[in-house]
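J.: Feature annotation from Swiss-Prot assigns ATP binding site to THR135, GLY172, LYS173, GLY174, LYS175, SER176, THR177, HIS443. The domain 'NACHT' annotation in Swiss-Prot covers 163-476. Annotation comment: Swiss-Prot describes 95-298 as region 'Nucleotide-binding domain (NBD)'. Positions annotated as region 'Winged-helix domain (WHD)' by Swiss-Prot: 356-463. The repeat 'LRR 1' annotation in Swiss-Prot covers 578-598 and is backed by experimental evidence. Among the features that Swiss-Prot reports, repeat 'LRR 2' is placed at 656-679. Annotation comment: Swiss-Prot describes 735-758 as repeat 'LRR 3', evidence class experimental evidence. The repeat 'LRR 4' annotation in Swiss-Prot covers 762-785. Marked as repeat 'LRR 5' by Swiss-Prot: 787-812. The repeat 'LRR 6' feature in Swiss-Prot is assigned to 824-847. Positions annotated as repeat 'LRR 7' by Swiss-Prot, on the basis of experimental evidence: 848-870. Taken from Swiss-Prot, the feature repeat 'LRR 8' applies to 878-902, supported by experimental evidence. If you look up Swiss-Prot, you'll see 911-933 marked as repeat 'LRR 9'. Residues annotated as repeat 'LRR 10' in Swiss-Prot: 936-963. Sequence annotations record features per position, and here Swiss-Prot assigns repeat 'LRR 11' to 965-985 based on experimental evidence. The repeat 'LRR 12' annotation in Swiss-Prot covers 999-1021 and is backed by experimental evidence.
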Amino acid sequence: MNFIRNNRRALIQRMGLTVTKQICDDLFALNVLNNQEANVIYCEPLEQEAARKIIHMTMQKGSAACNLFLKSLENWDYFVYQDLTGQNLSYQVTEEDLNVLAQNLKDLYNSPAFLNFYPLGEDIDIIFNLEKTFTEPIMWKKDHRHHRVEQLTLGSLLEALKSPCLIEGESGKGKSTLLQRIAMLWASGGCRALKGFRLVFFIHLRSARGGLFETLYDQLLNIPDFISKPTFKALLLKLHKEVLFLLDGYNEFHPQNCPEIEALIKENHRFKNMVIVTTTTECLRHIRHVGALTAEVGDMTEDSAKDLIEAVLVPDQVERLWAQIQESRCLRNLMKTPLFVVITCAIQMGRQEFQAHTQTMLFQTFYDLLIQKNSHRYRGGASGDFARSLDYCGDLALEGVFAHKFDFEPEHGSSMNEDVLVTIGLLCKYTAQRLKPTYKFFHKSFQEYTAGRRLSSLLTSKEPEEVSKGNSYLNKMVSISDITSLYGNLLLYTCGSSTEATRAVMRHLAMVYQHGSLQGLSVTKRPLWRQESIQSLRNTTEQDVLKAINVNSFVECGINLFSESMSKSDLSQEFEAFFQGKSLYINSENIPDYLFDFFEYLPNCASALDFVKLDFYERATESQDKAEENVPGVHTEGPSETYIPPRAVSLFFNWKQEFKTLEVTLRDINKLNKQDIKYLGKIFSSATNLRLHIKRCAAMAGRLSSVLRTCKNMHTLMVEASPLTTDDEQYITSVTGLQNLSIHRLHTQQLPGGLIDSLGNLKNLERLILDDIRMNEEDAKNLAEGLRSLKKMRLLHLTHLSDIGEGMDYIVKSLSEESCDLQEMKLVACCLTANSVKVLAQNLHNLIKLSILDISENYLEKDGNEALQELIGRLGVLGELTTLMLPWCWDVHTSLPKLLKQLEGTPGLAKLGLKNWRLRDEEIKSLGEFLEMNPLRDLQQLDLAGHCVSSDGWLYFMNVFENLKQLVFFDFSTEEFLPDAALVRKLSQVLSKLTLLQEVKLTGWEFDDYDISAIKGTFKLVTA
């Protein structure tokens, strides 16, 4: 009792929570502590408080209890006991004894038993040698946010080693091999960072049992007799950081089996030995809080994969295999995981030719290898039972994929022969310290393959019941987003397993596109490639945008299924039904190999696509050479000097048919030579209808005319922020078949004979957009003259034109003085005058097909209100009006009553813009009353920016505003407006009811953090 009293402070500080609870177990078993007292200790989360309580309880029970306490302490924490009793035995181990132990470990780590290992498990007789097959991994240091902050090599990791060091990575990333390599380097004596360690222990945590001493004895070597367990513990305590533990596979470790190792990791500050632990990312959460250094094993580099292949295969096999990998981006991607490199090598072993072109082939070979290698281990059952067990394994995997389940309990396998599946390795059984065993597939992707294999067999079965069962699984896939995100791999392996199964899958996917859903909505027909900003999406709902993105992924999914199926042209009809009417986006810098097969074997499908978009970007010539080495049909001598990838030329020019529509975008290209232009011409020739977009291309100055000469079927041209010469502009106006022309941000001075002067030559032009172009009044007059000749024009945008004087008077007159078919007119920020508006009003009867009229961002000076009222009074002739965006002038708010009267006849209005109308409370109430009596049910955009409304006025308006259920965007911006609390609360309630909102502009509203928190939602909120 005196001993405990004298050492009470040290005991409280050093015992630790694990040891305290172990001592509590002993004292409870010996009836020193009763049930209530033991529960007090078990429920105490603080280690020092738990130690304080158990010491107090023990001392109250007398000397006998104290003696039992010390005996238990000696058993569970010998280090502390030896220190406190003054019986430290470290002196009993001499330097010579320590050297003998270290040499024994080094001999082990240099022995074939340690260096030779089974990369696919001991059941598969394929052996790799650590010295010859180890390749340097890429690792990433993680910060406290668990973000990657620094790339590490093995050497830099060891130099910066802190304990505990946690190494995370998914299965198959080579974590175990990494620890074995560290042990081998220590044994060799050639690693400077490891020379400070006197002892290094490599431990497989999955088979750790008993204490630390017993585990080392079982796994590594016979520890010399002169080193007893107490002596060994004292030795570890003495050496501190001179001992390194390499603990492999915490994800397979059961702490109950070896509490000392658990304490070595989680209470490392007590042991002070260095520890490196590997675990899967999923299990990292159990130990991340104690890690002093966390590193993630990343992807295997291409060079490392090649080194590994060269180390395990003979030279002629390496050459054939590497050639196949270089031809397939799919295989190159799989080679980032060491496990798949090993499987690929295993496939090649014993074969004359490498055949693994697909992911399915890799898994199929591995699956068959498991069956072949291990089926002989199954004894005592009929062959039919064996086959049924395999089928049930597939059913288990299939049900798991649909239930998103990857761990299985015994009840899930009630009708299967578990011995068969566990014996041959299809399932792994986990039983240690479990009331019920758990079954898992060795890898999530392998479960998906097993499921796909089973689904394929069901769909191609001769038994109607099995076919019906297979179709029932397909019928669960009714959402495009689910197919692309949840079931993509399942379908990939299904199609890779059977051509007939592919036929069934593609028929189902075609039906999903026609009749399926995305979050309960029918599939959109929007162009799939378009990634537009929120400003240009205000006519659409959020669901529309989401559907477009998912349908684009759907097309990519279809092409991947074609590639995986290796069906070539056998299923041409089924694939054509799937691709009919869809769109495809291609990045010229990343053209996958399967597209060449797609164009070659399914030309009817490529022709069935409505739209193909191809993008070109500026690129360095050095970076492209490697990508061009394997371009089919292209032979180059020396470094390439072209900026258009020959791979793109090969794909499009060698194709024997034509696309319906091809859109080519040239972006940020600063150099373009004659060969590039020739290449573009070859690509352009593959389309019946060509669209050419040029964005920020300095190389186009003086070369656009040459590029356009190669375009025989160009119907659309868009030029943005790219300088043009007079010759370029003249040639544009000579392309008489042009239907759509867009010019943006052209700041060069208009020269005689240029684009503006000759625009009238484009007789077939239907859409014209001129945005931010340098013009003067004389240029505007010439433009007006040219517009008279464009009789087929349906859309005209003239935006952000300055310094054109009264030029808009001439332009408006030329557009409206005769009856025409113009459907969309945008004259935004273009010096529109009151006279222009008057002319437009007087001639509005000639524009009766107008559905979009946007003349916003124009300030009408003299007689502006009169002109605007005249225009408003004649709006009734526009029976198809859906968009109305008006200019402003002095006292423009007085025109609101007349406007509201006219809007009674336009219930289909989708956009209304009254920017800078300086609406007051009176006007906003009038607008609210109008919307209450004449609800614009289709209104999607409302712009009332530049108002003078008070909080009371907005409160009144909000009661009606919340009924605009289709609203996508609104702008109520103003200057220095402080909304009161009641308005903020009401606004928050209204916004929560407008579920389709994408963007809200409230610039000038002086919100604090509480206000922002109340009104924010899934939409974009702009307040500054």
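Placement of Cβ uses the backbone N, Cα and C atoms for every residue, glycine included.
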J.: Reduce the DSSP letter at THR177 (ATP binding site) to three states and note it down.
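T.: Looking at the DSSP assignment, THR177 (ATP binding site) belongs to a helix.
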J.: Just going by other Cβ atoms within 10 Å, which of the binding-site residues LYS173, LYS175, HIS443 has the emptiest spot?
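T.: Relative to the other binding-site residues in LYS173, LYS175, HIS443, HIS443 has the fewest Cβ atoms within 10 Å.
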J.: Of THR135, SER176, THR177, the binding-site residues given in the record, which has the fewest other CB atoms within 10 A of its CB?
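T.: Checked THR135, SER176, THR177; of these binding-site residues, fewest Cβ neighbours within 10 Å: SER176.
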J.: In sequence order, which same-chain residues at least six apart have a C-beta under 8 angstroms from GLY172 (ATP binding site)?
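T.: The answer is THR337, PRO338, LEU339, PHE340, HIS443.
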J.: Kindly report the helix/strand/coil residue split of the repeat 'LRR 6' (824-847) according to DSSP, in that order.
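T.: Helix/strand/coil tally for the repeat 'LRR 6' (824-847): 13 helix, 5 strand, 6 coil.
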J.: Let me spell it out: take the repeat 'LRR 8' (878-902), skip the flanking residues so only those 6+ beyond its ends count, and list any with a Cβ under 8 Å from a Cβ in it.
T.: 823, 828, 832, 834, 837, 844, 847-861, 864-865, 868-869, 872, 908-920, 923, 926-927, 930, 938, 943, 946
J.: When DSSP states are grouped into helix, strand and coil, how many residues of the repeat 'LRR 5' (787-812) land in each?
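T.: Output for the repeat 'LRR 5' (787-812) reads 7 helix, 5 strand, 14 coil.
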J.: If you pair up every Cα among THR135, GLY172, LYS173, GLY174, LYS175, SER176, THR177, HIS443, the residues annotated as binding ATP, what's the maximum separation in angstrom, rounded to an integer?
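T.: Among the residues the record ties to ATP, max Cα distance equals 22 Å.
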J.: Would you count the other CB atoms within 10 A of the CB of GLY174 (ATP binding site), including those on all shown protein chains?
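T.: Taking every protein chain into account, the count is 24.
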J.: Output the single range from 762-785, 787-812, 911-933 maximising the number of Cβ pairs under 8 Å to the repeat 'LRR 7' (848-870).
T.: 911-933
J.: Among 762-785, 787-812, 911-933, point out the range having the most Cβ pairs under 8 angstroms from the repeat 'LRR 6' (824-847).
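T.: Most Cβ pairs under 8 Å with the repeat 'LRR 6' (824-847) come from 787-812.
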J.: So if I exclude everything within five residues of the ends of the repeat 'LRR 4' (762-785), which remaining residues of that chain have a CB under 8 angstroms from its CBs? That is, six or more out.
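T.: Hits for the repeat 'LRR 4' (762-785): 718, 733, 735-750, 756, 791-801, 803-808, 810-811, 813-814.
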